[in-house]
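S.K.: The transit peptide annotation in Swiss-Prot covers 1-83. The region 'Repeat 1' annotation in Swiss-Prot covers 84-145, and the record cites sequence analysis as its basis. Swiss-Prot lists 84-224 with the feature domain 'Clp R'. As annotated by Swiss-Prot, region 'Repeat 2' applies to 159-224, with the evidence given as sequence analysis. For 234-255, the entry in Swiss-Prot reads region 'Disordered'. The region 'I' annotation in Swiss-Prot covers 266-519. Sequence annotations record features per position, and here Swiss-Prot assigns ATP binding site to 311-318, 660-667 based on sequence analysis. Annotated region 'II' per Swiss-Prot: 586-777, in sequence order, evidence recorded as similarity to another entry.
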Amino acid sequence: MEVCCCSTSSAVPGRRFAAAGAAAAAVAARWGAVGVGRAVVLAHPLRPAPRGGHAHAQQAGARRARRAVVRAVFERFTERAVKAVVLSQREAKGLGEGAVAPRHLLLGLIAEDRSAGGFLSSGINIERAREECRGIGARDLTPGAPSPSGSGLEMDIPFSGSCKRVFEVAVEFSRNMGCSFISPEHLALALFTLDDPTTNSLLRSLGADPSQLASVALTRLQAELAKDCREPAGASSFKVPKKSPAGAGRSAFSKSLNSKKEKGALDQFCLDLTTQASGGFIDPIIGREEEIERVVQIICRRTKNNPILLGEAGVGKTAIAEGLALRIANGDVPIYLVAKRIMSLDVGLLIAGAKERGELESRVTSLIREVREAGDVILFIDEVHNLIGSGTVGKGKGAGLDIGNLLKPPLARGELQCIAATTLDEHRMHFEKDKALARRFQPVLVEEPSQDDAVKILLGLREKYETYHKCKFTLEAINAAVYLSARYIPDRQLPDKAIDLIDEAGSRARMESFNRKKEGQSSILLKSPDEYWQEIRAAQNMHEVVSSNQMKYSPRQENGSAAIKAPSEDMNELTSELQVEEPIVVGTEEIARVASLWSGIPVQQLTADDRKLLVGLDGELRKRVIGQDDAVMAISRAVKRSRVGLNDPDRPIATLLFCGPTGVGKTELTKALAASYFGSESAMLRLDMSEYMERHTVSKLIGSPPGYIGYGETGTLTEAVRRKPFTVVLLDEIEKAHPDIFNILLQIFEDGHLSDSQGRRVSFKNTLIVMTSNIGSTSISKGRRSMGFMTEDTESSSYVAMKSLVMEELKAFFRPELLNRIDEMVVFRPLEKTQMLAILDIILQEVKGRLLALGIGLEVSDAMKDLICEEGYDKSYGARPLRRAVTHLIEDVISEAILFGEYKPGDTILMDIDAGGKLCMSHLNEKVVQLSDPTRTF
């Protein structure tokens with residue numbers, strides 16, 4: 001017998017006998033049948049060496065080659081297995097044997113197993129087994145085997161032919177179980193399977209049952225694999241074959257081990273879509289007749305009959321292959337395709353586990369061969385780009401054994417019929433670079449269906465989803481699913497996103513129905529005993545009334561029994577009707593809720609609270625922004641249009657430009673809108689345009705281009721809107737930005753979308769864009785003196801003059817195409833002195849809130865408020881000087897007093913001025929403390 005190594009060695013786990021080099025090499029040298037790596041045992045006898053002048057040299061070379069090739073099967077042996085083999089040689093030498101027989105290998109296994117239960121939990125120890133073996137060895141010495149010399153090592157003893165067959169079967173067992181190692185349990189299984197007379201005699205004398213020992217060994221192997229979380233697929237289903245004679249050779253074991261024929265590549269890696277369609281496991285395919293006809297037309301060609309479906313994810317490429325399978329199952333195809341089968345290839349399963357060099361290519365060639373031999377198979381490869389360009393030998397770089405190169409010849413000759421499917425981007429990356437591969441496929445473009453076609457598709461699938469979710473989808477719900485998904489989920493394609501919408505809506509409705517039933521059952525358990533007794537008495541009274549009426553009005557004749565029986569039958573019918581659950585109805589409101597959860601956009605129907613909020617939105621904004629009614633009305637009108645659904649769906653909610661003097665509330669109005677309608681001020685995305693003054697900073701909005709630092713990272717504007725599409729985007733002080741930013745804004749204002757540096761389209765259709773600008777503030781300040789702002793003109797005429805001045809400045813600064821895309825340009829009015837008191841109340845309310853967090857109250861007299869307004873008013877600077885006055889006259893004074901310990905939690909501070917006009921501060925209803933009023937210029 002001879003063993004050779006046909007592949008490179010596998011990685012050996014750390015717990016194996018990594019340091020058994022010398023011992024393993026010596027054993028291998030004496031055996032002549034153990035090699036390094038994955039061993040394959042050859043079942044032919046050694047040919048006699050040729051006789052001649054150079055015969056000795058040939059024999060020496062063969063021996064050297066055999067030693068080099070068979071350097072150690074023991075590298076696959078675990079540490080325990082190598083130890084058992086070495087111990088078996090020691091036992092053979094101790095018994096005076098000239099070769100290691102199977103019984104000596106059994107002694108080595110028994111000596112290696114030092115567990116408390118003995119060898120394989122049988123209670124057998126080495127001393128007892130050695131004594132029994134001595135008597136057997138005296139009768140069954142290996143004929144012709146030389147006795148070992150006294151000075152030789154145990155590892156110099158060779159292995160008998162029977163022992164080599166044990167190793168051979170152990171290797172087969174390991175391979176069939178899917179193991180990458182050989183343990184003592186594998187050797188024991190092989191030893192018990194071989195029908196060796198001396199081994200059987202030894203086991204009988206020890207009182208052991210070989211089948212029971214084999215079962216224990218197999219259990220230990222499975223437990224060891226499960227403990228390491230790496231149990232291979234064949235270990236759990238492995239069964240020990242029946243015993244065969246020791247001289248039967250390798251063929252007997254090959255037949256017994258491979259009695260169950262392995263699955264072919266088609267059955268292992270493919271799913272028969274035609275069988276699935278015949279069994280009704282494929283959903284009905286609605287539409288796509290043109291695409292399916294085009295696929296059939298390509299398949300019926302003589303050569304290059306391989307269609308490739310190209311389209312975005314979710315448009316229904318796989319459905320076209322399933323539709324063709326349905327047609328074949330129904331016989332609605334040309335006679336050429338009646339006997340064909342559509343087999344869907346699982347690319348992930350094909351690639352998974354191909355860890356050795358060339359194993360993936362071997363699987364692909366086997367698959368191609370089986371398809372060619374079958375003759376009736378059309379292979380469907382979904383996501384074909386995962387397979388093209390892969391390959392362990394060529395590293396996916398187009399080398400000789402690249403998978404694409406393996407497919408080209410059979411595809412060109414028509415031996416392999418294939419329907420491929422991939423996206424347009426992946427086709428450009430993998431197929432267009434390889435012209436030879438691309439011309440073997442005929443492209444079929446699969447477009448996204450229209451909304452009308454998507455509604456038809458959902459109507460065709462409605463029954464399937466109603467059966468699964470045990471609910472009813474109304475026609476309005478189907479239409480809403482298509483409309484809402486098309487408008488508010490722009491990053492996915494129809495019909496996939498609409499199908500997912502009704503699927504999740506049905507799931508949500510079913511869960512809510514379950515929760516309602518659970519709450520009803522809980523409420524029954526929470527009832528008091530008195531309530532139960534009241535219900536019982538009411539039922540008894542009703543029963544008595546019904547019984548008396550039956551006795552009173554039922555006839556006395558013989559058919560009276562039938563008259564009495566009729567009400568009971570009616571009662572049974574009523575009970576059966578009550579037991580039938582009412583179907584769950586999924587309408588537009590349920591669809592809208594799910595769409596809102598997906599997109600973060602409130603698209604459900606307006607509730608009473610929503611209507612109240614929208615109607616009172618103007619008033620809420622006026623509470624925070626004083627004296628800017630025009631701007632408040634403009635921004636509230638835009639929000640109302642969007643919420644009702646009357647705004648243009650292809651543009652942002654509104655694009656507004658706020659202009660005017662500084663400090664009049666342009667940014668504050670945007671913050672107020674975010675807090676009042678969008679939930680909080682954090683819902684606002686604020687970009688300070690002073691950070692984008694240089695040309696190279698413009699790209700930060702959409703992401704850096706290739707070759708620049710930051711490429712691959714997300715853009716500041718695009719990523720924030722993509723994550724949170726329903727938001728307010730504030731471009732603060734837009735005039736400070738570089739003019740190139742206006743080119744980016746043109747597309748957002750007009751088309752409602754923008755592509756980032758990664759090529760992803762980001763929708764701005766649900767954002768409200770507000771730009772603020774101080775353009776014209778200098779001219780306003782000058783014009784107020786030169787144009788008569790302080791004359792006796794009315795306020796309206798002054799505002800009209802100021803607005804005209806600002807509009808001229810805007811037209812001079814911005815390009816006409818940008819101004820023409822802005823929905824509304826609002827010029828804020830300058831703040832009057834009479835409006836400062838209302839603004840002061842808002843500022844003081846914020847100060848009171850911060851003091852309340854410290855446990856201290858604050859009251860400010862009217863005289864003190866007048867003093868603050870007097871010192872904090874400047875028409876050129878708006879309300880910001882007023883905030884500085886509050887900081888100086890109130891916050892600074894109170895902080896000093898708190899630090900000196902004059903006020904503690906629970907006190908209330910009263911801020912006032914005395915008769916001399918000086919600032920004073922006191923506890924409420926206590927002694928007044930006068931303070932000198934420090935002067936400060938605002």
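Including glycine, each Cβ sits where the backbone N, Cα and C put it.
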S.K.: I'd like the number of other C-beta atoms within 10 A of the C-beta of V664 (ATP binding site), please.
M.R.: 27
S.K.: Counting other Cβ atoms within 10 Å of each Cβ, which of the binding-site residues G311, A313, V315, G660, T662 scores lowest?
M.R.: A313
S.K.: To which of the binding-site residues K317, K666 does the lowest count of other Cβ atoms within 10 Å belong?
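M.R.: Fewest other Cβ atoms within 10 Å, among the binding-site residues K317, K666, is found for K317.
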S.K.: For K317 (ATP binding site), what is the secondary structure by DSSP, using just helix, strand and coil?
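M.R.: In the DSSP reduction, K317 (ATP binding site) maps to helix.
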S.K.: Indicate whether G660 (ATP binding site) is helix, strand or coil by DSSP.
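M.R.: Reduced to three states, the DSSP call for G660 (ATP binding site) is coil.
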S.K.: Mind tallying the region 'Repeat 1' (84-145) by DSSP state, helix then strand then coil?
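M.R.: Counting residues by DSSP class gives 39 helix, 1 strand, 22 coil.
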S.K.: Which of the three DSSP states, helix, strand or coil, fits K666 (ATP binding site)?
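M.R.: K666 (ATP binding site) sits in a helix per DSSP.
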S.K.: Kindly state the mean pLDDT of the domain 'Clp R' (84-224) in the predicted structure.
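M.R.: The predicted confidence over the domain 'Clp R' (84-224), as a mean pLDDT, is 78.
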S.K.: In DSSP terms, helix, strand or coil for G311 (ATP binding site)?
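M.R.: It is coil.
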